[in-house]
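Take a look at the structure below.
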Amino acid sequence: MATLKEKLIAPVAEEEATIPNNKITVVGVGQVGMACAISILGKSLADELALVDVLEDKLKGEMMDLQHGSLFLQTPKIVADKDYSVTANSKIVVVTAGVRQQEGESRLNLVQRNVNVFKFIIPQIVKYSPDCIIIVVSNPVDILTYVTWKLSGLPKHRVIGSGCNLDSARFRYLMAEKLGIHPSSCHGWILGEHGDSSVAVWSGVNVAGVSLQELNPEMGTDNDSENWKEVHKMVVESAYEVIKLKGYTNWAIGLSVADLIESMLKNLSRIHPVSTMVKGMYGIENEVFLSLPCILNARGLTSVINQKLKDDEVAQLKKSADTLWDIQKDLKDL
């Protein structure tokens with residue numbers, strides 16, 4: 001007796017399992033992981049989305065909730081499991097998992113606890129998707145990108161930290177607000193370490209090719225009557241303020257990660273400030289990851305732009321590199 005489905009649908013091609021073309025995995029379904037997931041779905045970047053976490057109920061609930069929105073999305077398959085086999089054949093894996101910093105906890109201690117989490121996660125990712133590109137989002141992102149690179153054995157062009165992509169987006173938004181224009185028309189770069197010791201490259205800030213520092217030579221310095229330096233200070237403080245107000249940040253970082261993925265999956269060769277291995281650049285001698293303007297395309301992070309930096313900016317980069325290496329050199333089990 002033919003089923004309703006058999007009566008309704010006459011097959012033309014043989015049914016066979018197809019390997020996804022643009023599968024994306026998000027590891028960790030906390031606030032940041034789910035913001036990445038919804039941003040990826042909203043931009044229709046994946047033909048399959050996989051979610052992984054250790055919390056099975058939360059994981060299943062998030063998966064079902066997204067699946068129920070399938071009518072409004074163009075991603076035909078949304079799957080989730082605590083077993084990493086669900087991630088097989090991913091093009092891109094986004095890592096948002098990790099432990100939170102406890103009050104009074106040193107960064108070294110926080111990083112070491114995250115190393116122990118990553119020691120479980122990273123080998124599993126590589127086992128099931130040996131050709132994937134990994135985007136690390138968990139904080140402290142620059143150190144955890146190094147940790148991921150070490151644990152994965154992947155070439156450095158396939159291990160990328162979300163780095164200063166969001167810091168630069170915040171910077172451009174805040175400057176554009178002051179000027180009354182759209183952030184996409186206000187160009188500026190924040191480089192180096194994600195967070196407190198990031199470097200604002202004032203010499204490169206421009207609107208329609210007009211250098212703002214040429215109009216105001218004191219821009220970014222303490223002598224600036226318009227106090228543009230405050231904009232960079234606001235970038236650094238903005239995450240803390242959002243956390244104070246709502247408990248965490250998630251939407252902007254989710255959108256920022258989807259932006260990086262779009263550049264790679266669509267082979268756009270756009271330039272983003274993301275965390276990459278900077279040994280040998282700007283006189284940095286250790287294996288640390290910091291954000292520089294990088295070209296992202298289908299192969300991953302394929303090139304770095306040689307940004308003209310001033311001496312004090314290079315000094316800041318080196319200082320960040322030393323700070324990171326101080327922590328990295330004491331990490332166990334890498």
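Think of each number as a place in line: the chain as shown, counted from 1.
Cβ atoms are placed via backbone N, Cα and C, with glycine included.
Residues annotated as active site, proton acceptor in Swiss-Prot: HIS194. Less than 8 angstroms from the CB of HIS194 (active site, proton acceptor) sit ASN139, PRO140, VAL141, ASP142, GLY161, SER162, GLY163, CYS164, LEU166, ASP167, SER275, SER291, each of them six or more residues away in the same chain. Annotation note: HIS194 (active site, proton acceptor) sits in a coil segment as assigned by DSSP.
Among the features that Swiss-Prot reports, NAD(+) binding site is placed at 30-58, ARG100, ASN139, with the record citing similarity to another entry. GLY30 (NAD(+) binding site) has a Cβ environment of 18 other Cβ atoms inside 10 Å.
The substrate binding site annotation in Swiss-Prot covers ARG107, ASN139, ARG170, THR249. Taken residue by residue with DSSP, ASN139 (substrate binding site) is part of neither helix nor strand, so it is coil.
DSSP assigns ALA2 (N-acetylalanine) to coil in the three-state reduction, placing it in neither a helix nor a strand. What Swiss-Prot lists as N-acetylalanine is ALA2.
The N6-acetyllysine annotation in Swiss-Prot covers LYS7 (among others). When secondary structure is read from DSSP and collapsed to three states, LYS7 (N6-acetyllysine) falls in the helix class. Every protein chain considered, the tally of other Cβ atoms within 10 Å of the Cβ of LYS7 (N6-acetyllysine) stands at 9.
Annotated phosphoserine per Swiss-Prot: SER44, in sequence order, evidence recorded as similarity to another entry. Counting only residues at least six positions away in the same chain, the Cβ atoms of LEU73, GLN74, THR75 sit under 8 Å from the Cβ of SER44 (phosphoserine).
For LYS58 (among others), the entry in Swiss-Prot reads N6-acetyllysine, with the evidence type similarity to another entry. The Cβ of LYS58 (NAD(+) binding site) has 15 neighbouring Cβ atoms from other residues within 10 Å, across all protein chains displayed.
Swiss-Prot lists LYS119 (among others) with the feature N6-acetyllysine, giving similarity to another entry as the kind of evidence. Look at LYS119 (N6-acetyllysine): DSSP puts it in a helix. Every protein chain considered, the tally of other Cβ atoms within 10 Å of the Cβ of LYS119 (N6-acetyllysine) stands at 13.
Look at Swiss-Prot and you will find TYR240 tagged as phosphotyrosine. Annotation for TYR240 (phosphotyrosine): no spatial neighbours, criterion Cβ-Cβ under 8 Å with sequence separation of six or more.
In the structure as shown, the Cβ atom of LYS329 (N6-acetyllysine) sits within 10 Å of 9 other Cβ atoms. According to DSSP, LYS329 (N6-acetyllysine) sits in a coil region rather than a helix or strand. Marked as N6-acetyllysine by Swiss-Prot on the basis of similarity to another entry: LYS329 (among others).
It is ALA2, among the recorded positions ALA2, MET34, VAL54, whose Cβ has the fewest other Cβ atoms within 10 Å in the structure shown. For the recorded site, ALA50 (NAD(+) binding site), the DSSP three-state label reads strand.
For the binding-site residues ARG107, ARG170, the ranking by surrounding Cβ atoms (within 10 Å, all protein chains) places ARG170 first. In terms of local Cβ density within 10 Å, ASN139 ranks first among the binding-site residues ASN139, THR249.
Nearest in space to ALA2 (N-acetylalanine), taking C-alpha to C-alpha distance over the binding-site residues GLY30, ALA46, VAL54, LYS58, is ALA46. Recorded residues LYS58 (NAD(+) binding site) and LYS329 (N6-acetyllysine) have their alpha carbons 36 Å apart, per Cα-Cα distance.
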